[in-house]
């Protein structure tokens, strides 16, 4: 008796029904586009930095270059991964699911997390210097952010040792833990910075207005990274079998670098809002002075002094010394005047 059985072709993706292409390689392609856009902004801000602040210390310049080099390297890894799977292996659509993952995606978590750590360490150092009483919180935030590097390094090792993408997707919880603790450190750093700025109020309208601007800046930049962090953690926990969280991680490191460079490049513009054109940092506010050589704004005066008619004011010395790297702006202005035989010395910090 003849058999009517027919051979059914085996679907090579039958063992991987939970890994569709749209939210794996498709999500990765969108992450590449977003990362390259932000990387272009990094190049632009780096150009602005070296053009506006050529006299910054070598340490700060090396800091900037380290972030730029690491971010550029991560962009190269992201591009290589996309090119390998979407172009080189175009005629092998199952390669991504049944073969070892390419080395570039396996290496990617390490430089990306280190670049984010360097960018965040800049803000931690600033808060550490301007408010010593918050040093324990800053130290804890740095420990949390450094823990993210440990988690992603362990994930990279697991990826190199895995045989297929399904093997190392089982360790996606490392990305969830790393992103969670990094988000905690980020929120702690932003909150500490806001508290420091609020405690720096002087009662002067213009100075307080500038502090409000700095607080808004800190909240807005921290909010963007926080939202991306929340999405990253949520997708890593809810959908560990796709690449949406990986694409968000690539974008997140670029956001940290752009925030770091923006903080450096806004020193002059924020300084112009707070004083007489001298360079300041985003976390240091000078007493605003009137233009054309006038004295400090909102300076108290006595009624008796305003009734005098003979006033002579002579500027003896005026020395400005700005250190952008150490956040130490020191000014000494000695003014001597005489009012009908009375001698008066005024020192403005």
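The backbone N, Cα and C atoms fix where each Cβ goes, and this holds for glycine too.
TrEMBL entries are annotated by machine, without manual review.
If you look up TrEMBL, you'll see 25-43 (among others) marked as transmembrane segment. Tertiary proximity for the transmembrane segment (25-43) is limited to same-chain residues at least six positions away from its ends with a CB under 8 Å from its CB atoms, namely 67-68, 71-72, 74-75, 78-79, 81-82, 85-86, 96, 242-244, 246-248, 250-251, 254-255, 257-258, 261.
According to TrEMBL, the transmembrane segment annotation covers 63-85 (among others).
Summarising the annotation, TrEMBL assigns transmembrane segment to 105-124 (among others).
As annotated by TrEMBL, transmembrane segment applies to 136-157 (among others).
Among the features that TrEMBL reports, transmembrane segment is placed at 169-197 (among others).
If you look up TrEMBL, you'll see 185-269 marked as domain 'DUF6534'.
Here TrEMBL flags 209-237 (among others) as transmembrane segment.
Residues annotated as transmembrane segment in TrEMBL: 243-264 (among others). Counting residues 6+ beyond its ends, the transmembrane segment (243-264) has Cβ neighbours under 8 Å at 23-25, 27-28, 30-32, 34-35, 38-39, 41-42, 45-46, 49, 53, 60, 64, 67-68, 71, 74, 78, 108-109, 112-113, 115-116, 119-120, 122-123, 172, 175-176, 179, 221, 224-225, 228-229, 231-233, 235-236, 282 in the same chain.
Annotation source TrEMBL lists region 'Disordered' at 326-349.
For 339-349, the entry in TrEMBL reads compositional bias 'Basic and acidic residues'.
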Mean predicted confidence [pLDDT] for the domain 'DUF6534' (185-269): 76
